[in-house]
Amino acid sequence: MINTNLKNYDPKIWKLIIKEKKRQESYINLIASENYVSSSILEAQGSCLTNKYAEGYIGNRFYNGCNIIDKIEKIAIKRAKKLFNVEYVNVQPHSGSQANFSVFNALLKPNDIILGMNLNHGGHLTHGSTVNFSGKLYKSFSYGVNKCGEIDYDALKYLSHLHRPKMIIGGFSAYSGICDWKYMRKIADEINAYFFVDISHIVGLIVAGIYPNPLKYAHVVSTTTHKTLGGPRGGLIISNCGNKKIYSKLDSSVFPGSQGGPLMHVIAAKAISFKEALEPKFFLLQKNILFFSKKMVKIFLKRNFSVISGKTNNHLFLIDLSEKKISGKEASNILALARIIVNKNTIPNDSQSPYITSGIRIGTPAIVKRGISIKYVIKITNWICDILNEPNNLIKIKKISKKIKKICYKYPIYNKI
């Protein structure tokens, strides 16, 4: 059973993996939270490291046979510390949500008050949504954006002093603006609250120095290792607060507080992604992510589409389709017919349900990682406009689909299809 070949042993799964690979290779991916990992990361994640249980931390495991595992985790931590210029790192969280849970569990007690960004205004489920642990275990309130589509800091300050949360949460999953981390920390200090920031979406831009870094102001920062960082799907907790008690609480909250054994094949892959992010070309990658995003917004505005806040300062932006008389769900499904993948997304004060939405979210990390040139990004953006202006024109959609496929062949992800 050990030395089996996937194709021969389980052809059903093998065929589906091949189909998914072909799908990824032949579609343009504009989902802001997705990216492509390197072949080195794929190799690490498919390695024998997946076999090893390693409960505990370096030098203090609950299983024998972890001497090599310790070295791998040590490398991951060392690289993360260098990348983020921090003194505390925990590379064990399985995901961003797990990382966030661990931070909450370390710094809060059940029913403590938290204040995070409204999910419908660009926040994340784990920032206080009532359908998530963060809104069930804790008493959550939310701040949002103003009429200009930017964070309403006056409301944030008012709500902070009104409810006096134990923690203020910064970060987002669908917000295209710049966050004033310094001012948010000032508000937190005024009410003696923790300031916790989730940089999952903007982590790559931050380490490249082209988006404000919250580490100087936040007590704790969490992130995923995919998205703009371009690594494996996983979580990370970092801090420069200098409080050893907080560091100890965070470690205990990850293990044994919320997880058992770490995923060592993923931690090895994280280490590789940190090495990749330390290379000079990573800065150019992030620079293009921002440049492509801004360029696309300009085209959408020129084509009379409504962009939330009218601009972007990161890798993503939201298109308000209310005036186009098409829902986000319909738009994303129609664009998929043309081999263009986006996701439906709620917009501030959306009249539609989260399952339908009035908007779509567009992001540039994957097309930049793939190496697609700005010339084709401009064409793709205009094609999106053409399709959304004539969603029932199946002939046009079919023609665009063929053009997209040609571009995909020109820019393969891993190899020729």
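The backbone N, Cα and C atoms fix where each Cβ goes, and this holds for glycine too.
Features reported for this protein in Swiss-Prot:
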- LEU119, GLY123, HIS124, LEU125: (6S)-5,6,7,8-tetrahydrofolate binding site (BINDING)
- LYS227: N6-(pyridoxal phosphate)lysine (MOD_RES)
- HIS226: site 'Plays an important role in substrate specificity' (SITE)
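Structural mapping of features recorded in Swiss-Prot.
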residue : record                                                  : Cβ contacts under 8 Å, 6 or more apart
LEU119  : (6S)-5,6,7,8-tetrahydrofolate binding site              : LEU125, HIS127, GLY128, SER129, SER142, THR346
GLY123  : (6S)-5,6,7,8-tetrahydrofolate binding site              : GLY116, MET117, SER129, SER142, GLY171, PHE172, SER173, TYR175
HIS124  : (6S)-5,6,7,8-tetrahydrofolate binding site              : GLY116, MET117, GLY171, PHE172, SER173, ASP198, SER200
HIS226  : site 'Plays an important role in substrate specificity' : SER33, GLU34, ASN35, VAL37, PRO232, ARG233, GLY234
LYS227  : N6-(pyridoxal phosphate)lysine                          : ALA32, SER33, GLU34, ASN35, SER200, HIS201, VAL203, GLY204, PRO365
Number of other Cβ atoms within 10 Å of the Cβ of LEU125 ((6S)-5,6,7,8-tetrahydrofolate binding site) across all protein chains: 16
Secondary-structure category, per DSSP, in which LEU119 ((6S)-5,6,7,8-tetrahydrofolate binding site) falls: helix
